[in-house]
Amino acid sequence: MKKAEMGRFNISPDEDSSSYSSNSDFNYSYPTKQAALKSHYADVDPENQNFLLESNLGKKKYETEFHPGTTSFGMSVFNLSNAIVGSGILGLSYAMANTGIALFIILLTFVSIFSLYSVHLLLKTANEGGSLLYEQLGYKAFGLVGKLAASGSITMQNIGAMSSYLFIVKYELPLVIQALTNIEDKTGLWYLNGNYLVLLVSLVVILPLSLFRNLGYLGYTSGLSLLCMVFFLIVVICKKFQVPCPVEAALIINETINTTLTQPTALVPALSHNVTENDSCRPHYFIFNSQTVYAVPILIFSFVCHPAVLPIYEELKDRSRRRMMNVSKISFFAMFLMYLLAALFGYLTFYEHVESELLHTYSSILGTDILLLIVRLAVLMAVTLTVPVVIFPIRSSVTHLLCASKDFSWWRHSLITVSILAFTNLLVIFVPTIRDIFGFIGASAASMLIFILPSAFYIKLVKKEPMKSVQKIGALFFLLSGVLVMTGSMALIVLDWVHNAPGGGH
């Protein structure tokens, strides 16, 4: 039997779905036959039953926990929070500048609540479906098609996320090194070449961390990464009171004019608005323009963490669905506040002049400011330490798809990890710009992972609730909303390509 699939067992109502086995890498061998319930468990609600092996049926609950999770509650919060936060935080001020403060808060609230609701659906489906593997839930619900849909969505979304992180390394790290070494002419210097640097960082930092088998070890790097993002947020708030207005507008316009004279095609769309002294420092609460349509995909992608939910759940100490939902609520609320504050203070610093990447806007105003240089280092550290966490669900998906029935092998484990990292590096090095491709893949995959797959799995696998129940109707509405969001976002991106219009990045 696969590690994450077990027979049913009675537990108390306060501990629904407590204590699955922790075995993300399939290194244990178990009997393949599922046990039937004894009669004295027959009246227990299926949602409040647990899974165990046939050979241990009838034993007390504490005797069935052969491979309990080992990751603490706090470390799980760190891991999930780090899976949520990412490069999207750099684009949220741009999203607010193109939606207005009030509309942005409304969208951010709805997206965060919907994302948390989909985590609830996913955990409940995992309990009812008897599996802690995303792809296996897809297989149980819709056969091979469901398995491929889950695996493909996970892989697409995470490779897109990894690419965005490594693109930040590629373009920001050379600038940091150049500022630290005071080198004006970087021609021919390999250590100022972004392609070489992204390869070096991948080999020296990312690969060793990615080879860990247990996510708990990365909790420490997750905590450090989150501290880097908190530092970034603090600097964004402080700079709001240090950068005068409307002086920064004039500086941005001058920078734009200089860029236009040397590189006419390098115009930044966020700077193309007419600026008046009256409007340049006045916040807007509702804005609708050609760039507003990119706000929803940016926000959706910013909250995608669902491929990492089940692995984190599997390794949670004293795990139960209620305990994991508490982990999720804390993580989502913390990221909601971080996203809101970063977007708000970034927007109130530059207003409609904010660019699609917030750090670039600061560099246009303050140049080589020491504090901003430290922020760049912090962001680089954060995204670098996030990549190993993102690799885990990709490797799990590939392993389950290709080698589900095989025992764990370090050679296979390492080969899959190196292959994933190598493919992502090739994308970053050889694709001139991944923004449009990433936007299309991110919009489709993120909508699949947040809206469509969890609700579809829930409707199919949770048998104890009739289709006319409030829960099933809510899940169906959630599914239809996901289809609408996915098709709408993809259509708008295609229209953006057709009309060759500049778009916002994530």
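A Cβ is built for glycine as well, from the same backbone N, Cα and C atoms used for every other residue.
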Same membrane side for E315 and V462 per Swiss-Prot | yes
Look at the disulfide annotations in Swiss-Prot and name the partner of C281 from this list: C238, C245.
-> C245
In Swiss-Prot, the N-linked glycosylation site annotation, restricted to N27, N258, N278, falls on N258
In Swiss-Prot, which of these is labelled N-linked glycosylation site: N10, N274?
-> N274
Run the contact check on the transmembrane segment (330-350) against the transmembrane segment (77-96): 3 or more C-beta pairs under 8 Å, excluding pairs closer than 6 in sequence.
-> yes
Please determine which of the disulfide-bonded residues listed here (C245, C281) has the lowest count of neighbouring CB atoms within 10 Å.
-> C281
Is the transmembrane segment (372-392) close to the transmembrane segment (473-495), in the sense of at least 3 CB pairs under 8 angstroms with a sequence gap of 6 or more?
-> no
DSSP puts the residues of the topological domain 'Cytoplasmic' (124-158) at 31 helix, 0 strand, 4 coil
Mark yes when the transmembrane segment (103-123) and the transmembrane segment (159-177) have three or more Cβ pairs under 8 Å (sequence separation 6 or more) and no when they do not.
-> no
C-alpha of C245 (disulfide bond) to C-alpha of T386 (Na(+) binding site): distance in Å?
-> 35
Candidate ranges 77-96, 103-123, 437-457 - greatest C-beta contact count to the transmembrane segment (372-392) (under 8 angstroms) = 77-96
What does DSSP give as the helix, strand and coil breakdown of the topological domain 'Extracellular' (97-102)?
-> 3 helix, 0 strand, 3 coil
